[in-house]
Structures are given as C-alpha cells and as structure tokens.
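I am attaching a structure below and will ask some questions about it afterwards.
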C-alpha cells in the first residue's frame with residue numbers, strides 16, 4: 001500500500017517536476033505491482049469477502065492497472081500515455097521558459113538590487129513599492145487611454161468642430177501662452193486631458209463605439225481593478241506577517257543568530273550594519289534595564305497628554321489654514337490680475353504644510369519618550385491624519401466651488417436655450433418651415449456654461465503637478481545641495497560637517513511612502529474628471545524611479561539603524577486601501593447626486609451621469625434583460641441580498657475567531673510545556689500533578705546517584721511533546737545524553753525507563769540521518 | 001567565453017547532481033556558470049581566495065566559516081560537485097516536497113538540514129553544542145570593541161538562558177531549532193532563482 005502511495009506521489013511529482021522518468025528499480029517495482037493487481041482482478045471471485053468490499057477492491061485494482069500499464073509500455077494505454085507524458089514535459093518546459101522571460105522583463109531589478117545592497121532591505125522595499133505602483137498605474141493608464149482617449153481622438157469630432165472642443169474666441173489670443181498653459185487653461189483645457197472635451201454622442205464612428213458608457217465603465221473599473229489588486233497583494237503579504245506572537249521570547253538569541261543582513265555587499269554599508277547591530281544590542285540591554293526601572297508615571301502621562309494636545313492644535317491649525325486659503329482662492333477666481341504666488345497659493349501652502357509639519361511632529365513627539373518603534377507608528381499616524389485632513393478640506397472647498405458653478409450654469413443654460421429657440425424661430429419665420437441647420441456660428445463664439453467637471457479636473461491636475469515639482473525640488477535642495485555643500489565646504493569649515501550637524505541625509509522611507517500613497521489617492525479621485533491625469537502620473541512614477549534611485553545612491557547615507565522591512569509592508573498596503581476607499585467616496589457621490597454639465601463632457605444633457613447605463617439597457621440590450629435588471633433593482637431583492645452578505649460576513653468572522661481561539665489554546669499549551677521544562681530545570685519538584693505521579697512510578701530514587709542532569713532523559717512523556725524535530729536529529733540529541741546517563745553507575749535502576757527514549761534514538765531513519773549529515777559537514781567521500 | 005573542454009558540464013554529470021541535490025537542469029546550468037565565473041584560475045576548482053572575492057562574503061563576519069563549509073576537511077580546493085553539494089542546502093523548498101513520505105530519506109534542503117548547516121557555522125569544535133565561548137567569539141566578531149567584555153558576557157549568558165531547556169549551559173541542536181522556530185528559514189536560506 002505504501003508503494004502505491006509512493007507511485008502515486010511520484011506521478012504527481014512528475015506533473016510539477018520536469019524530466020523525471022522512472023528509473024530501473026521503479027520500473028521493476030511497478031511491474032510487480034501491476035502483476036499483483038492483475039492477479040487480484042483474476043481471483044477476486046474466490047476471495048471470501050463481502051460483495052461491497054470486492055467491488056471496491058476490483059475498481060481500485062482496475063484503475064491502477066489502467067493508469068500504470070501504459071507507463072510500462074504495455075497494454076492498450078501505452079501510446080496515449082507516452083503522448084501525454086511528452087506533452088506534459090513540453091508544457092512544463094514552455095512554462096519555465098515563459099517564467100524566465102517574464103522575470104527578465106521585470107524592470108529595474110538591477111537598480112533595486114544595487115540600492116538594496118547599499119542601504120539594506122528596508123529602503124529597497126520603498127522602491128519595490130514604487131515599482132508596484134508604477135505597474136498598477138500603467139494598467140489603469142492602458143484602460144483609460146485605450147477605451148476612452150483613443151476612441152475619442154480617432155473616431156470623435158476633431159478640435160474646433162463643436163463648442164465644447166474649441167477655445168472661446170475671447171481667450172484665443174492668449175491660448176498658447178506658456179503661463180496660460182501652465183495653469184492648464186487655454187489649449188490644455190480644451191483637449192483630451194479633461195472631461196469637458198468629450199462629446200456626448202451615444203455612438204461614434206463606424207464601430208458604433210459607445211463612448212459615454214465606456215467613460216463611465218472605465219471610471220468605475222479603475223476603482224474596481226485597484227481594489228482587487230491591493231487586496232490581492234495584501235493577502236499575499238499576510239502570509240509572511242502573522243506569526244509575530246511572542247516576540248519577547250528569544251530576543252537576544254535572535255539578535256545573535258539572525259541580525260546580519262546577508263544581502264549587504266558594500267563595505268560602507270557593512271560598517272553601518274556593524275554599528276546598527278551594536279546599537280540594537282545596546283538598545284535591548286537598555287530595554288531590559290528600563291523594564292526593571294520604576295517610572296514616574298504621572299510625569300510621563302502629563303507629558304504625553306501635552307504632546308498630543310500640541311499636535312492636535314497644530315493639526316487643527318493646519319486644517320484652518322487650508323480652509324482659509326481655499327476661501328481666498330475662490331475670491332481670486334473672479335479676479336484676473338493675479339500674481340504667480342496668488343494663483344498657486346493653495347497648492348504651495350498644502351505642499352509646504354506637508355514639508356514643515358512632520359519634523360514639527362517629530363520634535364514634539366520627543367516629549368512622549370516612547371520606544372522608537374511605537375514612536376514611528378505614532379508619527380506615521382499623525383502625518384497620515386495631517387494629509388487626510390488637508391485633503392478633505394481641499395475637497396470641501398472644491399465642492400463649494402462646484403456648487404457655485406452649478407448655480408452659474410443654470411442661468412447660462414437658460415440663456416443659451418433661449419438664444420437657440422430665438423434662432424430657430426427666426427429661421428422658420430424667414431424661410432417658411434424648412435428644416436433649420438445648425439446655426440452658422442463659429443464654435444468659439446457660443447456661450448459656454450462653466451463646466452464644473454473640467455474645473456475639478458484642472459484643480460487635481462494642478463495639485464498633482466505642484467506636488468511633483470515640490471518633491472523634486474526637495475530632493476534637489478534637501479539632499480543634493482546639502483550633500484554638495486557638506487562635501488565641499490568641509491574643507492574650510494570649523495567643525496566636521498560630515499559627522500556633525502548637517503551631514504548627509506538619510507532616506508526618509510515613511511515620508512516617501514506616505515507621499516506616494518497620497519499621490520495615488522489624488523490620482524484616483526481626479527482620474528474620472530481628467531482622464532489624462534493617469535498618464536501624467538505614469539510619467540511621474542517613471543521619472544521618479546530613476547531620479548530617486550540616483551539621488552539615493554549619490555546623496556544619501558545608509559540609516560543608523562537599518563531595520564527590517566517585512567513587518568511594515570502590509571501597513572503601507574493598509575494605508576493604500578484606506579485611501580482608496582476615501583477617494584472612492586467623493587467620486588461615487590458626484591456621479592450619483594450631481595447633475596452633469598449641460599454642454600460639456602460625455603454625459604451632457606442627461607439628468608444624472610448613470611442614466612447612460614439605463615439608456616444602454618433600454619436601447620442596446622434585448623428586452624428581457626431590461627426587465628431582468630428592473631426586477632434586480634427592486635428593493636425587495638436587494639435587501640435580502642444585502643442581508644445575506646452581512647450574514648456571510650458574520651459567519652466568516654466567527655469562524656476566524658474560533659480559529660484564533662484554537663491558536664491561542666495551542667500556544668498556551670506550548671508555553672505551558674516550555675515552562676514545565678524550565679521549572680524542572682530550576683527546581684526538581686514538579687508543579688503538575690501528572691508529572692508528580694510519573695515521578696512516583698520511577699524506581700527508588702535513593703539508589704540513583706545525585707546527578708540531576710540525566711533526569712530529563714528519563715521522562716518519556718515530556719520528551720514527546722516538544723520534539724518537533726525529525727527523529728534523526730532528536731535521536732542525535734538524545735543519543736548524546738544517553739551516553740552521559742550510561743556513564744553513570746546503576747544501570748539496573750534504569751532498566752524499565754531508559755527504553756522509551758532508546759528506540760527513538762535508534763529508530764531506522766536516524767541511522768541514515770545523522771550519519772549522512774555528519775558526513776556532509778566533514779566532507780563526504782567523493783563519489 | 002572560450003570553451004574549456006575539460007571543464008564543460010556533461011549530461012551524465014548533470015543527471016547525477018540532479019539526483020544528489022534535487023536541483024533542476026536549468027538551475028544546475030545556472031549555478032555552473034556562476035561557478036566558472038568565480039573560478040579565475042580556470043582549473044575547474046575553487047580555492048578560498050576565489051570565494052573571498054565575493055564582496056558579500058568578504059565583509060560578512062561569518063564569511064570565513066561559510067567558506068570553510070564548502071571545503072571538505074583539510075582540502076583547499078572544491079570542485080563543482082562539492083560546490084553543489086553544499087549549495088544543495090540552499091535549494092528552495094517546494095510545496096510538493098512537503099507531501100513526500102517521511103519514509104523517503106530527508107532531502108538536503110529540508111528545514112532541519114538548513115538549520116544544521118547554520119548550526120555548524122557556530123559550533124566550531126563540532127561537539128554538537130554551542131558553548132558560551134563560541135557565542136562570545138561570534139559576538140566579538142559581530143560587534144567588535146564597541147561593547148565592553150562584561151556586557152558581551154552577559155549577552156552570551158542571556159542568550160543561553162533564553163535558548164537552553166535542559167540546563168547544560170550550552171545550545172544543542174534541538175534547542176537551536178526551537179529558537180529559530182519562528183524564523184522563516186526556508187525562505188531566508190534559499191537561493192532565489194528568478195522563477
């Protein structure tokens with residue numbers, strides 16, 4: 001039977017391992033097996049078994065023969081089997097080559113490896129995150145570009161044909177000015193970059209491409225795809241995370257055995273690594289001492305409360321500042337004589353806040369006196385709150401602007417409709433009822449509504465662009481100029497600039513990651529209103545990768561404390577997920593509640609944006625689907641569906657809680673056995689009643705020499721539990737101790753007890769195991 | 001570069017190595033090209049100096065011991081077979097390995113064997129125990145003179161105290177395994193073939 005298992009396991013292996021053909025010995029064994037099975041089939045009638053069992057065995061034997069006779073080159077399955085095997089091998093080889101090709105195509109692998117070997121795996125994790133974001137943005141860009149921009153460009157009406165696609169006549173003189181373009185007005189505003197350019201024709205071109213529907217679907221699909229990708233990555237990372245558990249257990253042992261980062265190849269980094277190991281040991285020593293120290297709890301609490309209060313004040317202050325600036329910018333919108341500062345005030349202030357507040361928070365946080373890891377988490381949380389608050393204040397201000405525009409729109413809409421009616425009325429009057437063509441007016445002259453979606457899109461694009469500029473400038477000045485100054489001014493300066501005050505910058509991992517996450521949030525929010533934004537972001541990420549890689553290698557030094565990256569990875573993904581949800585809300589809200597502009601964009605003329613879907617269902621899909629959807633949209637159906645989902649969530653939640661509970665129980669059990677071991681070592685009295693009874697079963701202790709160390713060997717019970725290692729290695733360990741116990745006198749007393757550990761020490765596998773292991777380490781004889 | 005007929009890898013050799021170590025055909029060829037690139041003397045074997053040319057090994061505090069692990073006792077050259085035999089410990093563990101019967105002899109790259117390899121780096125005198133002195137040696141290599149000797153002594157004592165379960169004031173292999181129970185040894189001690 002175990003041969004059967006081995007055969008079937010080797011068969012499954014040949015599925016995954018390539019080129020494993022059966023060896024001679026295996027063939028012979030297989031032959032034997034097949035013969036045996038055939039004999040069984042022939043004689044099954046004569047066996048004194050029940051019918052049921054006979055049938056089962058017969059079926060099994062027949063299956064076995066069918067499966068493996070082909071492998072032997074006999075029987076009717078032979079050719080088919082050989083063919084199958086060959087195809088399988090070819091397929092596996094093809095898969096492997098494809099995987100190789102795919103891996104070779106991964107961009108920037110060498111660059112990231114360079115960074116990793118200089119700066120450790122934590123800095124490299126930022127670049128890996130950046131690369132992942134680039135991939136995701138590339139896919140989003142593909143969707144947007146391929147399904148929205150290209151069709152409009154290729155099959156839609158060209159620039160200048162209809163009002164929404166033309167720069168208004170009064171603006172046409174300045175439309176090409178650099179300053180106007182930088183503000184994304186002029187030709188930029190009336191281009192595929194923004195929502196307002198797209199026409200609301202239901203189908204365009206020969207292919208009858210439904211552009212408005214595609215626009216809406218791409219907008220929703222962007223969020224759906226991002227959500228799926230983020231959750232998939234989180235789930236993948238979650239496997240590695242989970243088992244922190246009792247970190248307090250082996251701190252020093254782990255530091256001793258696992259603290260070296262074997263990927264470091266540069267001597268400067270190695271020196272830093274030495275220093276960081278030293279620091280980490282010192283830190284642990286200090287930690288130990290601190291745990292035993294008595295703290296002035298009240299002072300500490302007071303300081304922490306004060307620090308939190310200060311930080312909340314500054315967060316509130318920054319929120320108010322943003323609101324104030326946004327209000328001011330609304331006033332500015334009506335004036336035209338603005339200086340450069342006044343035009344970009346909002347974006348500048350937001351970027352500056354992002355620059356100034358984090359160091360401020362760090363300084364205030366020193367009052368709190370937390371463990372550095374906890375302090376880092378607080379810092380990240382505070383910066384996150386800062387950015388979030390700023391973002392939402394910005395959004396509310398934007399919303400105010402949108403409402404203003406909507407009001408404006410009403411009056412203009414009525415005016416233009418009135419004008420059109422007048423024109424048609426005059427036309428029919430003049431020419432007595434013939435069909436009137438489109439008014440022969442230059443599209444540039446038509447009255448325009450204030451297209452609020454384009455305005456929103458412009459705001460997001462401006463914000464993104466200024467963010468890019470600020471971050472690049474920061475790197476240039478904060479890192480590069482600083483490095484140049486430190487290096488060259490060092491020759492003629494009083495104190496050592498390199499070791500002392502400015503020195504070279506360290507790479508700020510958390511700041512950069514948060515910046516990336518928030519940037520992505522803005523892209524998600526703005527992509528619906530400015531399809532070109534995703535393209536801009538792709539370019540930004542691409543250039544950022546090269547730029548930051550260069551900056552890190554040329555101007556930064558490795559961290560003082562090189563810390564491991566793996567734990568925080570899901571934390572960043574979690575932030576990204578949160579931002580995704582938060583940026584989903586405004587977009588969905590506007591799609592559902594706000595009416596689209598009447599004269600620009602793919603949804604113009606409709607009452608609500610999602611009317612496109614209704615229209616498509618009514619006109620394009622067969623009738624029964626329409627009725628199906630109308631039934632599905634019935635609240636009577638949706639509410640039970642929602643209830644079902646809630647119940648499913650509740651069920652899964654309780655199942656996972658049960659698993660966690662079982663987990664905790666197992667851990668406790670393990671901890672208990674470990675404690676038992678320690679107790680036994682420290683005092684010979686067992687604390688457990690069971691153990692006590694076991695001890696009583698032992699032969700008279702007075703006969704034994706007073707040698708405590710051999711004792712643990714005698715108890716077979718506890719040995720069974722902690723031995724998770726394979727018999728081979730445990731055998732070796734036990735072997736050693738058995739030698740020690742055999743060395744002590746009085747073998748009689750050990751008679752009944754020493755046997756249980758014995759066989760474990762001499763079981764069949766360990767014979768091969770330790771021997772080969774030992775041989776390997778000392779150089780096996782060359783074969 | 002030029003083909004050296006005497007040191008080219010033959011199919012039978014690849015098969016043997018595959019059987020012995022479990023690497024696949026392409027992995028063996030890749031490792032062979034790495035071997036030849038390290039072998040500056042072009043005589044089909046590697047010496048200790050060849051290994052020390054790898055920067056990551058040169059700056060590693062345990063670098064010399066790792067290099068020693070490649071060389072069989074009292075020899076100064078290692079050929080490709082010996083090279084592969086040591087590297088077999090670092091073969092990545094695949095999922096279907098776990099389903100193999102325990103009756104089949106343990107592959108070289110099992111978790112236990114990987115840990116054994118690491119254990120031997122610390123246990124210099126091969127008595128299957130890491131003693132306090134051996135720990136002190138390692139500590140001194142990792143930390144240098146930045147921490148005082150008595151603090152190093154207490155770190156070593158504390159480490160033993162954390163790991164030792166049978167009270168012999170040294171770390172045996174089973175205790176070593178228990179210490180590293182939660183460390184993802186399978187992933188960390190595996191060559192990352194780009195697949």
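Even glycines carry a Cβ here, placed using N, Cα and C.
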Suppose you had to name the range TrEMBL annotates as transmembrane segment; which of A:175-193, A:194-212, A:213-231, A:232-250 would you pick?
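Within the set A:175-193, A:194-212, A:213-231, A:232-250, TrEMBL attaches transmembrane segment to A:213-231.
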Which one of A:94-115, A:116-137, A:138-159 shows up in TrEMBL as transmembrane segment?
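TrEMBL lists transmembrane segment for residues A:138-159.
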With the ranges A:478-502, A:603-627, A:628-652, A:653-677 to choose from, which does TrEMBL describe as transmembrane segment?
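Checking TrEMBL against the ranges A:478-502, A:603-627, A:628-652, A:653-677, the transmembrane segment one is A:628-652.
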Pick from A:571-594, A:691-714, A:715-738: which range does TrEMBL record as transmembrane segment?
A:571-594
Of A:274-294, A:337-357, A:358-378, A:379-399, which span is tagged transmembrane segment by TrEMBL?
A:379-399
Counting Cβ pairs under 8 Å to the transmembrane segment (A:379-399), which of A:138-159, A:213-231, A:571-594 comes out on top?
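Stretch with maximum Cβ contacts: A:571-594.
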Could you give the number of helix, strand and coil residues in the domain 'TMC' (A:451-566) as assigned by DSSP?
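Looking at the domain 'TMC' (A:451-566) with DSSP, the answer is 84 helix, 4 strand, 28 coil.
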